[in-house]
Every structure is written in C-alpha cells, then in structure tokens.
Amino acid sequence: MKFLHIVAFLLCVSVADGLKCYQCLSTSSWGDCSQKEVTCDSGFNACAKVYAKVKRDGVSVTEYAKSCSTQGICDATESSLCKGQISGGECVVNCCNTDLCNTAAIQVINVIFLVLCAFLASVLMQ
C-alpha cells in the first residue's frame, strides 16, 4: 500500500527541469505574446508579465512583455523593470513561478490535474 502512495505522489509532482516562460515584446496586444516558449537559465525563478504605457517623444506607446525573471525583481516595491518608465504613464508587473504561467489565458488543466491528484491521494489513504 505504501508503494501506491509513493507512485501517486510521484505522478503528481512535476520534474524540476528549469522553469519555462513565455518570452516576447509587443506593441499591439497580449495575443502576440503566447508563441515563444523558453527554458529559463538557472537563477531565474519566476516568469514576468509587464504592461507599460509610456510617452516617448510626446507619443503614447503601449508595450506588452513576457520573460524570465527573478522573484527579487517581482517582490521589489518599485520594480526595477518599471523604474524610469512610469513618468506620465503606467507600468504593471505580474510574476508567477510555474511553467508557462505568464500567459493571458486561465490554465484550467493545472487545476483539474491538482483536483485529480487530491482525489487519488484521498482514495489511497483509505
């Protein structure tokens, strides 16, 4: 019975292979930013999603960016990704730390998988 518990646990744990994030820079929309997947280098433990609306030479420019990041940058009160960009504009940084989590879409599959693992664990515990 303990063997089944171990197998169930291993099925529910992801292999630590390096965080995967979307990477892009667009001036039109988030829709342009969901195609390039990258495996982050060691030291990068978060995926970032940045929205910036700034004025450059009197012209309003909106930028959408996604990339690998560090939790330290994400946790900074005034994120270094936005420093110098906010004057006369807006800058929002969102970070997460699971594979491809910096997408615009809701990840339903991960929730279903988590519920399935919890159910499997409860059945095996009886």
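Cβ from N, Cα, C; glycine included.
All TrEMBL annotations are machine predictions without curation.
Annotated features in TrEMBL:
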type     : residues : note
DOMAIN   : 19-107   : domain 'UPAR/Ly6'
SIGNAL   : 1-18     : signal peptide
TRANSMEM : 104-125  : transmembrane segment
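For the domain 'UPAR/Ly6' (19-107), residue counts in helix, strand and coil come to 9 helix, 38 strand, 42 coil, using DSSP.
Mean predicted confidence for the domain 'UPAR/Ly6' (19-107): the pLDDT average there is 82.
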